[in-house]
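Trainee: What follows is a single structure, and I will ask about it in a moment.
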Amino acid sequence: MAQQQSSRLNRLLTLLDTGSTQATRLTAAKQIGDIAKSHPQDLSSLLRKVLHHLRSKKWDTRVAAAHAIGAIVLNVKHPSLSELLNSLATKLGEAGISDNVDEVVAFRNLQSKILANAPFRSFEMNKVLEFGALLASGGQEYDILNDNSKNPRDRVARQKKNLRRRLGLDMCEQFMDVNEMIRDEDLIEQKSNVPANGVGNRLYANCSPHHIQQFVSRMVPRVNSRRPSARELNLLKRKAKISSKDQAKGSCEVADVEMSSSHVASTSKRILSDSLDSSKADIGNEDDIEPDGDGKWPFHSFVEQLILDMFDPAWEIRHGSVMALREILMLHGGSAGVSTEEFSSDNGFELKDVLNKVTREREIDLNMQVSENELEPLRKRPKIEDPSKSFIDNTVLEVIGGDYDINVKDEDAEFLLPPVKVNGQTDCSSTKLEPQSSMDDSTSHSEINHVAEVNNHFEDKSFIEEPVIPKQQEENLEVLDLVKQARHSWIKNFEFLQDCTIRFLCVLSLDRFGDYISDQVVAPVREACAQALGATFKYMNPSLIYETLNILLQMQRRPEWEIRHGSLLGIKYLVAVRQEMLQDLLGYILPACKAGLEDSDDDVRAVAADALIPAAAAIVSLRGQTLLSIVMLLWDILLELDDLSPSTSSIMNLLAEIYSQDDMTLVMHEELSLGEEQNIELNEMGHIESIGERRDVKESPYALSGLAPRLWPFTRHDITSVRFSAIRTLERLLEAGCRKNISGQSKSSFWPSSILGDTLRIVFQNLLLESTEEILECSERVWRLLVQCPVDDLEDTAKFYMASWIELAATPYGSTLDATKMFWPVAPPRKSHFKAAAKMKAVKLENEASSILGFDYARSSASLEKQEDASARSTKIIVGSDMEMSVTRTRVVTASALGIFASRLREGSMQFVVDPLSSTLTSMSGVQRQVGSIVLISWFRETKCKAPSDGSGSLPGFPSPLKKWLLDLLACADPAFPTKDIFLPYAELSRTYTKMRNEASQLLHTVETCHCFDKLLSTNKLNVESVTADETIDFASTLDLWNKESAGNESLEKQVFEDVESSRQQLLSTAGYLKCVQSNLHITVTSLVAAAVVWMSEFPARLNPIILPLMASIKREQEQILQQIAAEALAELIAYCVDRKPSPNDKLIKNICSLTCMDPSETPQASIISSMDIVDDMDFLSSRSNTGKQKAKVVLASGEDRSKVEGFITRRGSELALKHLSLKFGGSLFDKLPKLWECLTEVLVPEIPSDQQKIDLKIESISDPQVLINNIQVVRSIAPVMEETLKPRLLSLLPCIFKCVRHSHVAVRLAASRCVMTMAKSMTTDVMAAVVESAIPMLGDLTCISGRQGAGMLIGLLVQGLGVELVPYSPLLVVPLLRCMSDVDSSVRQSVTRSFAALVPMLPLARGVPPPVGLSKDLSSNAEDAKFLEQLLDNSHIDDYKLCTELKVQLRRYQQEGINWLGFLKRFKLHGILCDDMGLGKTLQASAIVASDAAERRGSTDELDVFPSIIVCPSTLVGHWAFEIEKYIDLSLLSVLQYVGSAQDRVSLREQFNNHNVIITSYDVVRKDVDYLTQFSWNYCILDEGHIIKNAKSKITAAVKQLKAQHRLILSGTPIQNNIMELWSLFDFLMPGFLGTERQFQASYGKPLLAARDPKCSAKDAEAGVLAMEALHKQVMPFLLRRTKEEVLSDLPEKIIQDRYCDLSPVQLKLYEQFSGSSAKQEISSIIKVDGSADSGNADVAPTKASTHVFQALQYLLKLCSHPLLVLGDKVTEPVASDLAAMINGCSDIITELHKVQHSPKLVALQEILEECGIGSDASSSDGTLSVGQHRVLIFAQHKALLDIIEKDLFQAHMKSVTYMRLDGSVVPEKRFEIVKAFNSDPTIDVLLLTTHVGGLGLNLTSADTLVFMEHDWNPMRDHQAMDRAHRLGQKRVVNVHRLIMRGTLEEKVMSLQKFKVSVANTVINAENASMKTMNTDQLLDLFASAETSKKGGGSSKKGSEDNDQIAGTGKGMKAILGNLEELWDQSQYTEEYNLSQFLTKLNG
């Protein structure tokens, strides 16, 4: 079983690396976690295997491997420290001890003593950076093997070639000469001095990674409570060896600085390899990662290995290890070090001993005496006395006890404490912040003896105070033990966390790898390391938090930007994770982040801003000068940013976060009020400016007029994230101002008037140009906020900009926007040049690696001045060039915004809008009319919404002429003349009209010149100058008719007609296109004009001019957004007409309801959908929700597709109209519009209990099912938009709809099912209650197939449509579905199987959900089904199936489990394959379940019909079955009839059928008597050796599949013998359709597996094969039970298989060589390569290719291997006889000669084997003693002729003493069992000769213990079956199997083919099929759903690669160059992996 489990694990591990999608990889990772859960004993091995993938070069593989580690950790349970303390608290309470847990355990004392020895005290950043190798790329990809060539010229030539290859120049050789690019002198080594101004390559080249390992190990506690293991001792030896090498290398460097580069390379390479050996040595063998002891944290050893990998030179290995540590710490950070070992009170454990040992083992150099004051808890915060100084001289907090070459006096200790909180403010006055001027590398060791003094602290008796717990009572002793355990675990956890923290800090300091692929650098190692550090922060003691923060602050002072970047990453996760400590930490974090914000490096600035975002609320709470200085700093940074600054988005996000805080509103109000009374000097507020600079009051962060414009340049930034940040920041500023106004805190405008105009212009341009939906929606919200400003300010803006805005909005498609009317903001003035000079100085300092450290150097730098003249921008913006955004959507958004703006204006300023609107509406341009109409619609709609009381949206000052003009436009119904009294088309169509008229003129000219159409022209005159599209089409059509009439006139020239026809077709095309475009444009324009008239609420007397355009838009408008406008206006119009007489409403409602049925894809067509096959073929059962997200624009196609698209548009428009009607009328919808209810109840009748029969009659009496379907579709369309109060009324139609679910017509059933599904989405509780009560019983109605089909269809749609909302109902649906999975109807089976697959994963979720409301108690609490579901979810609770009868044998455990499984299948009417190994009792288990069922039925009074059972088996086994049943089962229960014999015998036996309840027959009999046997309905139909039906096309298979039975069971030890298609045939008998059709199965599984078998297959093919194999395994797993003898029979002797190789005899060799020269040789070779037709699984390949003689030749070869006479026969042809006579000297009779055994090496080998067994030799040995150890032998052959030869030539000639029997096909079946019984009962019979075919089926021959296979079958399972005749239950001796194989022949190929087939079979059916417990019945989804997923992922095609090969050709061309390019990096991979909110969600669980 372990081997099988390993096989599955290996496949999952392969998917981690080769999965085509990240989802595939993560799914594999999750399943690896499940393996860890089910096999906890293999944890160490599992981790080791995943560790390999953590070191992969591929990002996706490492991420998936880290997720796999997380999944493993999730499934490994270990108590955490908090759980341990909670249990201690409980015990203390039970013991009556009232002390606090902290006091009892003495944590405070523990903390103070441990901190005195904290490794942070000895952590020195300079030492880490000096001795640690910088970590960037490992550089191995650039290593070059040493060139030992003695000839310098050859060496240079080789290097030139290598360099050309690495530079890619070898690809260019065919295009240009590359020899001169690299010259010899370029490669000659030039000596140069080491650079004087930097470290050069010293840190990279000469430092082994183990320098840092050794250095860190001195600082980090390594607590070992045991003697070092052998692995650890070896590791120490390796470290010592490396250390000695490093020292030797160091001395060498001193002696010779100018050592050659080759020597340096070899040295560094040697060190690198050594370090890699040492770091990776721990994973060399499976046992290297030692399993941790019982009770200890199980990941300790694994984490040690990961920590080693953290310092690997290769960044990928560092990245993988840190990600794995992150996953472990997230989940088990609180469990690390926690021990569950028992600490008994007498085991000698004393805490002081542990602490002393800790101290001794640390080996820490302490450079100072630790005073008592410094051991106090760290809780105070520094007070900022002078903010200006504290933020400038912002230095590191020197936490107590650290010695960094600064002398700290005891009296200074009070200044070194963390800050305290004073009146809610951060008080930093007590902090001593002195700059550290130098950090040299010298470290004094003179005070090392202070270690002893510190040790004395641990000897302090007061420290080990025992709690006051009386020890007399036993329970108190238990408490005392628990206290000791808690102390020990606390110390271990504390030390582990600080160990990890130190190492994370080292990586953050040393890592230099950065990826510059995106706008902002991403440092994956540092980011992942910071996340891991964040995970430790969650569990870390506050004292450790301060220690860690101190080192992070040290890192912030370093000159290297990477270290500053890493420190701020750590701070970011600290702030995010420990929010509860934020107020205490803020005093330290703010100065560091402010310094980061002013850093010279932009990436540091970005991460500094990101770090403060989680602290925004805390920053605002500081108020005062601190808040002001931070906010002003952020605003000032915006001045310095340019287009390439990656920190832009982060800075603005932080600003937005700060301004969006609720407290910020109050702060702004207070500060502005204060600013009105006094002048504020900003420099006095703490923000220090450069020399000579001052700011005035308007730059206060609370007076935005001078600051907000700094956002303008970023609103149209090239980077999407920057644009969104800019507009989001603006929105938050406006929201803060609105809140201030609403709360009454301010009476003035919340937005400065001076910048309102510019702000509106900027936002309008965003609406005009933006294509990103998120930014566009934000811009709309900002616009609405801006128009809330005072009307006076808005009117000023309208005066200047409204006309230009309308003109911009109306710019036609393809035209350029007028840039002069747009606002290009001039960048605000930059800071002074002094800042630029400061930056240059800072950069110079950094380049020189200056030792002058501190925050001030970074602050003094700023970005260089870069003045940009915005007015010089000459960007051309073409409307429609951005294809991401619909031009129509842009027009609607901008025009609607202008309407909203206009609604705020007063009557006096209305002219600013009306004048430009008049010009657009009177224009000939359709686009301008659209824009003008939309402005009016938005304007009047806003006005009406503000004054809804009178229902009028009219404006008194709106000009009447404009209203009249709108009505005049509506009166123009002809699209060709859309303007009153003007006979011109729309301006947009003028070009197309010109083109059409030119073509018409050309055609007319051609017709006139040929004089063939003079008569036609005289009657049809065409005015080319003014012709319309309709007239043109009419003329061209008339010309076509005339042309056909004149075609018979032979005098007309053919060329003339061709010219005329060509011109005519071109003209028709142009005119048709013009007509279509013109019609669509006219519909759009007129519908918008009509909508504008509707919203004006001034209707004309006749409503037709308004109604017709609106309805036309509902039917044909392609743009959804315009259709929505028309639908809303139509609802408004209908509301107006409710009280109008006469009212058009009834007709309108009728038309709208009719239009909902126009979409054939949503409304089933009864004339088309006439059967379930059509439903399945056309995929109508996919849940296409008619209320989901619709396409924004639909492009019309042609033909059938065009009608579908038109139907879709019409339905979409009508549903939008219903939606707006519902919104308009609400609960009074049916009262105001009674016609709508009439349409809903046209056929469907509301529920009336007394009229149930009438309802049924009415529905069935409807002759036209389409009427019923249309009625149902109207209900479906209106259900989602119905107001809540009306839903009960709609629910009254449900009973009638459920009647339609079981309607006789399939289209009605489909429509009703879709309708119920749609209703369930909006009325889940009520509809699902009705489903459970009405639809579920339909599934069990065996009398109504249409009801079962409809119910299956309905549930399938519900599962797809409702998804997780179905969770509470899933327990009620699963069991009924399960019972229907074997329904006789294939469509029912298919639908319920899919539904069951989707429901099963919901069951675990349903366990914690209360039962759904609205159901009766009987329905919601079915005890029997509940118990089954519990077993399904938790298979450890499976009960043994109680047989209803007693067996005459004691069942073994595995046999009971087999009966449990059979009982499971029986209960739920499922069917399966019992495929235990041969000899495990399949017959017994099957007989037992049949007998139990018979007894159960006999005892049941309800069961009237007692059906017999039929057992079909090979004819040899008929008697065996009868014998077994009689042996184990009570004959009174099962009465057996053997239905075999001749036809006459069988006819006579039929009379006895009624007297027996078990019929045993053979496959041949079933084939012959199928007509008779199919008349019966059988209870059980059992197929023994069921693989006989593996060929789906055989007559036996066809006959067996016709048998009808309630329970179908297959017994087979080998369900897969040759190929995977055999499994399909077996399941087609069990559950037809379960694995799809044969073709679908072949595509899903057969082809991928066959492709993957090819050794040259691609990685994608290999992955597809793995996925297909895994999917098939899961699909069939619950229906296959497989146990092997090795797993379940521990007392079964082993089976030893020995292959004996023989060499061909001379005669055989001669015949073999003769064949090799024959013509059949080539064909045979090809067949062997494709594995023969049987194995390929593709019936179309080999059989058509291979001729009959080829198969005969194959048989010839196989027979020849066994014996020459098998191929020669008794008569040898003359040529062959003469050849053989020449070979054999003195041979006269060749036949007689060939009968000698030496001509068949196999006979010789057989003789040897028999003699070894003591058979055939003399009865006594030479010394007269009797031979012992007598064996009995089975000899198997494929052919009877070989058995004849063995009898005659071996036994009778040479081994006459052998006694034997024979069993082959010549023995009649009835006699075969007698021979078996005789052999088993008579030990004097030595040998039984059998053919594999006869002797391999079900026989029990355990009396034999030796088997000899003379020949071998292509099918390996036949040989295995034959072996298991002896190796089975009852065997007492070791079984020896001898396989005789001829070396170098076809037989060897047969044996290799057998291995592959066995591998496939074992993969599909493996150890997971061993029992119900291992089948993962809780994951039944995978078992069903995998069929569909594998169809998508399994059938990969090679076509793409083949096409590429053809295109690219071969050789060195473009294909070779492109082949070496990697795929572009997907930025989303970084975004997803390093998302802070996702990290926090996962961390907090």
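Just so it is clear, glycine is given a Cβ too, placed from its N, Cα and C backbone atoms.
The structure displayed is predicted, hence computed values, not measured ones.
The feature repeat 'HEAT 1' is assigned by Swiss-Prot to 3-40. Marked as repeat 'HEAT 3' by Swiss-Prot: 584-621. The feature repeat 'HEAT 4' is assigned by Swiss-Prot to 702-739. Sequence annotations record features per position, and here Swiss-Prot assigns ATP binding site to D1476, D1477, M1478, G1479, L1480, G1481, K1482, T1483. Annotation comment: Swiss-Prot describes 1805-1976 as domain 'Helicase C-terminal'. Sequence annotations record features per position, and here Swiss-Prot assigns region 'Disordered' to 1990-2011.
What's the neighbourhood like for these features in this structure?
Mentor: The DSSP breakdown of the repeat 'HEAT 1' (3-40), given as helix, strand and coil counts, is 34 helix, 0 strand, 4 coil.
In the predicted model, the repeat 'HEAT 3' (584-621) shows an average pLDDT of 90.
Through the fold, the repeat 'HEAT 4' (702-739) approaches residues 519, 635, 638-639, 643, 648-649, 652-653, 655-657, 659-660, 662, 664-665, 667-668, 671-672, 675, 750-752, 754-755, 758-759, 762-763, 765-766, 769-770, 772, 774-775, 778-779, 781-782, 785-786, 788, 825, 827-828, 870 of its own chain, all at least 6 residues removed from its boundaries and within a Cβ separation under 8 Å.
Secondary structure from DSSP puts G1479 (ATP binding site) in coil. Every protein chain shown contributes to the tally, and the Cβ of G1479 (ATP binding site) ends up with 23 other Cβ atoms within 10 Å.
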Trainee: Treating G and I as helix alongside H, and B as strand alongside E, what does DSSP give for the repeat 'HEAT 4' (702-739) in helix, strand and coil?
Mentor: 28 helix, 0 strand, 10 coil
Trainee: Taking the mean position of the Cβ atoms of D1476, D1477, M1478, G1479, L1480, G1481, K1482, T1483 as the ATP site, which residues outside that list, in the same chain, have a Cβ no more than 8 Å away, listed in sequence order?
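Mentor: Going along the sequence, the neighbours appear as G1613, D1924, R1928, L1929.
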Trainee: Same-chain residues six or more away whose CB lies under 8 A from the CB of G1481 (ATP binding site)?
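Mentor: Set apart from G1481 (ATP binding site) by at least 6 residues yet with Cβ under 8 Å, we have R1452, Q1455, G1458, L1929.
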Trainee: Just counting, how many other CB atoms are there within 10 A of the CB of L1480 (ATP binding site)?
Mentor: 25
Trainee: So how many of the residues in the repeat 'HEAT 3' (584-621) end up helix, strand or coil by DSSP?
Mentor: 34 helix, 0 strand, 4 coil
Trainee: Who sits close to D1477 (ATP binding site): which same-chain residues at least 6 apart have their Cβ under 8 Å from its Cβ?
Mentor: G1613, R1683, T1684, K1685, D1924, R1928
Trainee: Starting from the Cβ of M1478 (ATP binding site), draw a 10 Å sphere and report how many other Cβ atoms land inside it.
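Mentor: M1478 (ATP binding site) is surrounded by 26 other Cβ atoms within 10 Å.
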